[in-house]
Structure formats: C-alpha cells, structure tokens
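Feature annotations, courtesy of Swiss-Prot:
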type	residues	note
TRANSMEM	4-21	transmembrane segment
TRANSMEM	26-48	transmembrane segment
TRANSMEM	52-71	transmembrane segment
TRANSMEM	84-106	transmembrane segment
TRANSMEM	110-132	transmembrane segment
TRANSMEM	153-175	transmembrane segment
TRANSMEM	180-197	transmembrane segment
TRANSMEM	210-227	transmembrane segment
TRANSMEM	232-254	transmembrane segment
TRANSMEM	266-283	transmembrane segment
Amino acid sequence: MDIFLAILPAIFWGSIVLFNVKLGGGPYSQTLGTTFGALIFSIVVYIFMKPVLTPTVIGVGIVSGLFWALGQANQLKSIDLMGVSRTMPISTGLQLVATTLFGVIVFHEWSTTISVVLGVLALVCIIIGVILTSLQSEEEKNAEQAGNFKRGIIILLISTVGYLVYVVVIRLFNVDGWSALLPQAVGMVLGGILLTFKHHPFNKYAIRNIIPGLIWAAGNMFLFISQPRVGVATSFSLSQMGIIISTLGGILILGERKTKRQLTGIVVGIVFIIAAGIMLGIAKS
C-alpha cells in the first residue's frame with residue numbers, strides 16, 4: 001500500500017500534460033487554468049489540515065509558486081513547439097541535472113564515495129537519455145522544424161530555472177510542504193496571471209484546464225503522504241516514473257507520429273532517465 005501511494009504522484013504528474021493538450025486552449029490558457037485548479041485543491045486541503053502559516057511560510061510559498069508558474073508555462077510552450085513525447089523526457093532530464101547539481105553544490109548531498117559514483121553515473125545516464133529522446137526524423141530536419149526544436153530547447157532551459165527555484169527555495173528555508181501548499185498555490189495563480197494576461201487566457205479552455213491543476217495538487221498531496229512512509233529517496237525515485245506516462249501517452253493517446261528509429265530512441269532514453277532517477281534517489285539517502 002505504501003509503495004502504491006508513492007507511485008501515485010508519478011501517475012498524476014505524468015498525466016497532467018496529456019490532459020492539458022487534450023483539453024486544448026494553448027499554453028497560456030492551460031497555464032492559467034492549471035494554477036486555479038491547484039488553488040482550489042489547496043484551499044480544500046488547508047481547511048482540513050489547518051497548517052500554521054507564518055510570514056516566512058507565506059513569503060517562501062508564494063515565491064515558490066511564482067517560479068512554478070514560470071516552469072509550467074514554458075514547459076507548455078515547448079510542448080506546443082516540439083510535442084509531449086519529445087519535450088517531457090528532455091524537461092525531466094534537465095530538471096534532474098539542475099536540482100542534483102544544486103543539491104551537491106549548496107547542500108553537499110554526495111557525502112560518500114558511493115553517492116558520488118552513483119551521482120556521476122546518473123548524470124551520464126541523463127545526458128544519454130536526453131540525446132536519445134531528442135532524435136529527429138529526416139522530415140523534422142527541415143528549417144522550420146529545426147527552428148522549432150531550437151526554440152523549444154531554449155524555452156525548456158527557462159522552464160528548468162523556474163522548476164529549480166520552485167523546489168529549492170522551500171528547502172533553503174526549511175519550510176514544511178503541507179504548510180507551503182496554500183501560499184504556493186497563491187503564488188502559482190499570481191505567476192500564471194502575470195505570465196499570461198497579455199495573451200487573453202480567460203476563456204473556456206482556462207476553465208477546462210482547472211482539471212489538470214486539481215490532478216497536479218493531488219499528486220503533490222500524495223508525495224507528502226508517501227515520503228514519511230517510504231522515505232525521501234524512494235518517493236523521489238518513484239516520482240520520476242511519470243515520464244513513462246507522459247511520453248508514451250503523447251504517442252499513444254495524442255497520436256504524435258514517430259519513426260521506428262525515434263521510438264527506439266525514446267524507449268531506451270526513458271530507461272536511462274529512469275535509471276538516473278533511481279540512482280539519484282539512492283545517492284540522496
């Protein structure tokens with residue numbers, strides 16, 4: 001039962017972008033709707049959990065949420081250019097590299113020889129995985145498609161910065177996840193509005209995309225529940241499995257076309273990235 005709870009965040013988070021794309025509306029309406037969904041869920045959780053909200057918790061939570069919105073909005077922009085099945089493995093890989101290097105440099109996480117070896121191997125696996133999942137078909141090598149890929153990668157780098165700050169600012173100030181949940185959601189909504197209001201995102205698609213926001217917040221809740229039961233290392237490793245759902249879902253559910261060579265690269269690349277996530281989880285423990 002505990003392992004099942006620990007897998008739920010991966011299932012929920014892995015399906016979010018599939019819902020975003022299926023529900024439609026483009027990256028701006030998708031971002032805004034998702035943030036409002038997260039806020040609704042967080043208000044309900046706050047009513048039942050009643051965590052203590054200090055000025056530090058509120059401030060840190062809002063900043064974290066603002067940067068989450070930056071990460072999510074740019075990830076959805078990249079999906080608009082490159083598709084789910086290409087964007088998500090690269091995005092996951094970049095996030096793992098960024099959070100790992102920050103953890104090593106700032107928090108000195110790799111304190112033993114084994115953790116250093118596992119960490120370095122994990123980073124190598126991530127690089128290999130990202131390269132394999134980025135393979136282009138001959139058709140995609142034309143000027144327009146190549147331009148979309150380059151723009152998509154640049155946008156993903158911005159997205160990675162957003163997701164990195166979203167994660168590490170909570171840890172830097174040692175804020176409890178349950179306490180940060182509501183302020184975080186407020187920051188997400190503020191960030192979503194600031195990043196999208198020029199593009200007139202307030203439409204029926206924004207309302208539809210409240211659903212992915214509810215799903216994201218539910219995944220967050222199950223992560224908080226599972227961590228004390230299975231440990232941070234195991235829950236972190238299992239949460240990376242969402243890449244399987246999002247990537248294969250992009251191909252099988254959204255109908256993104258891939259050549260046999262690309263499919264092979266994606267499957268093998270996912271294996272490398274998941275292996276890296278597991279190794280990083282062990283290195284953290």
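A Cβ is built for glycine as well, from the same backbone N, Cα and C atoms used for every other residue.
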Surrounding residues of the transmembrane segment (26-48) on its own chain - C-beta under 8 Å, 6+ positions past either end: 16, 20, 69, 72-73, 76-77, 79-80, 178, 181-182, 184-186, 188-189, 191-193, 195-196, 199-203, 205-218, 221
Any contact, the transmembrane segment (232-254) to the transmembrane segment (84-106), with at least 3 Cβ pairs under 8 A: yes
Criterion met for the transmembrane segment (180-197) and the transmembrane segment (266-283) (at least three Cβ pairs under 8 Å): no
Residue numbers, six or more beyond the limits of the transmembrane segment (4-21), whose CB comes under 8 Å of its CB atoms: 30, 34, 75-76, 79, 84, 87-88, 209, 211-212, 215-216, 218-220, 222-223, 225-226, 229-230, 234-235, 238-246, 249-250, 253-254
Long-range environment of the transmembrane segment (153-175) - Cβ separation under 8 angstroms, sequence gap at least 6: 56-57, 60-61, 63-65, 67-75, 77-78, 81, 87, 90-91, 94-95, 98-99, 102, 106-107
Spatial neighbours of the transmembrane segment (110-132) far in sequence, C-beta under 8 Å, 6+ residues away: 89-90, 93-94, 96-97, 100, 104, 265-266, 268-273, 275-277, 279-280, 282-284
